[in-house]
Amino acid sequence: MLPLIYLIGSVTFIIGLKMLSNPATARKGNAIAAGGMTLAILGTIFLYRHHGQGLHNYGWIMAGLLIGGVVGLVSARRVKMTAMPEMVSLFNGMGGACAALISIVEFEYMTAVIFTGAPVRMQLVIILAGMVIGAVSFAGSVIAWGKLNGRIKDISFKGQHIFNLVILAVILLLAVVVTAALPAVTVILFVVILLLSLLYGICFVLPIGGADMPVVISLLNSFTGVAAACGGFLYNNPVMLTGGILVGSAGTILTILMCKAMNRSLKNVLIGSFGSPKAAGGSREQGAYKEITLSDTAVIMAYARKVMIVPGYGLAVAQAQHACHELETLLEARGVEVKYAIHPVAGRMPGHMNVLLAEADVPYEKLLEMEQANGQFNTTDVVLVLGANDVVNPAAKTDPASPIYGMPILDVENARSVIVNKRSMKPGYAGIENDLFFQPKTSMLFGDAKQVLQQLVAEIVNSL
Amino acid sequence: MDAIFSFLQQHLEAVYIVILSIFLGVEVISRVPSVLHTPLMSGANAIHGVVIIGAIIVMGEAEADNYLALVLGFLAVILGTINVVGGFVVTDRMLEMFKSKKTK
């Protein structure tokens, strides 16, 4: 019975993942995979037999499932749409930690009974692999979570990559030593490997700049998949194998696709730490920027023929999507054509803006993808940039020294005028200056995106 | 070398599953619109929550007097469940929004 359940589980994962890659079927795919997962979990609890023996400790298992289920459900329901990426990263970290814990317990069993023979050696290798990968994924995900919500700043120092490589080399070396030492089991070395893996996870993510965080999370996601597959080997469990490896390989491809969307190579992302001081895009003279008042902005927008809104992370942070939709409907009612230009990596994750704006009921047809939008800027009167920065930075096209050079951007400078709403002149997430702000066409409108939008709406309603 | 050979022999099926799954994963994902990258990542994140099954086995096989295994196994079950439940629910919430705008 159980093999059949596992087979069904594996098939639902494949179908689910396939359906998830198409907008029309995605939600159903997610539900199918969730159903298969439930089946596999229930099947394991009640039908699992090892040497003819079933599981015990049902009280503990149920309590764990209950606590985890409630915590997972509540945090997933409560999390704001803007904080989704962090949440995904944190959930991923939990999975990694789970894999690492399994390995630790299995290792502890090995210390209790002295085994000999070749199969045990391979088993130890798998236990070690599961622990190292799981721990790296856990520590890395927690750091990524902290960085996305601003709790942890970018830290990089000279020779960091070499330092990281050394840690990795030491981990591998110790793993070989531990494996070779069989049948003697060296607990201390095992603990050292665990600690070093956690350290590596931290050091691996710390120097990587914010703009690249989605790529890193996706990569850590596939790591956890591989760690889960290690568990599959350990228990000869086909559903863990398929699920884990599927995510491992699909996650790797997804990571590469994301890099492509930003026109960067994975190596570049991992080594060319964004936001390091030397990559600040040169300190050329910046000239002056000009500010615009709220009422002027209101007038310009209300009497424009076509307005293009470029949303960015600032909009997400300020939770301004509803205010933004309000402004859009108001302008449309006055006969202004309003569109949204969505850069593939606007916000912190691909698709982040689409999700946010959809939440505020912005119609699907109003969201233009980058290529469409770029074809329309020259017929646009006003571009309103809401808390976006790097995705409209012309340095990506003009300055080969810039860390974002080569990334496709929204060509907002082709529009008649550009109004940029930001909280301050601080550089964006990639930590580089933006020449756009100093161009004669551009005016700056400082303030929190939500407040500014609400004031704009009030201004248009009351005085125009 | 011997270790690897005997391992391969014992786990031949598993090795086949791994190799085929690698190609399957690549094939299944190859053409995704960038809009779906985040939900897809989140969905994949929920799927690797299968690691919970390992946690349940560890927990269920722990002897009553092995406190380390009990505590760590319990923790693993909790964390794994958070990964599974949270992962699927978050993905569903993201995709819900896609749907609401499609029906417009």
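The backbone N, Cα and C atoms fix where each Cβ goes, glycine too.
In TrEMBL, annotation is done automatically, which means it is predicted and not curated.
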Which listed span TrEMBL calls transmembrane segment, if the choices are A:57-76, A:297-316: A:57-76
Winner by Cβ pairs under 8 Å against the transmembrane segment (A:88-105), considering only A:6-24, A:57-76, A:125-146, A:241-259: A:125-146
Averaged pLDDT, computed only over the residues in the domain 'NADP transhydrogenase beta-like' (A:4-458): 86
The transmembrane segment (A:188-208) vs the transmembrane segment (A:6-24): 3 or more CB pairs under 8 Å: no
Leading contact stretch, A:31-51, A:125-146, A:162-182, A:215-235 vs the transmembrane segment (A:241-259) - CB distance under 8 Å: A:215-235
Residue numbers, six or more beyond the limits of the transmembrane segment (A:162-182), whose CB comes under 8 Å of its CB atoms: 115-116, 120-121, 124-125, 128, 132, 189-190, 192-193, 196-197, 199-200, 203-204
Top Cβ-contact partner of the transmembrane segment (A:6-24) among A:31-51, A:125-146, A:215-235 (pairs under 8 Å): A:31-51
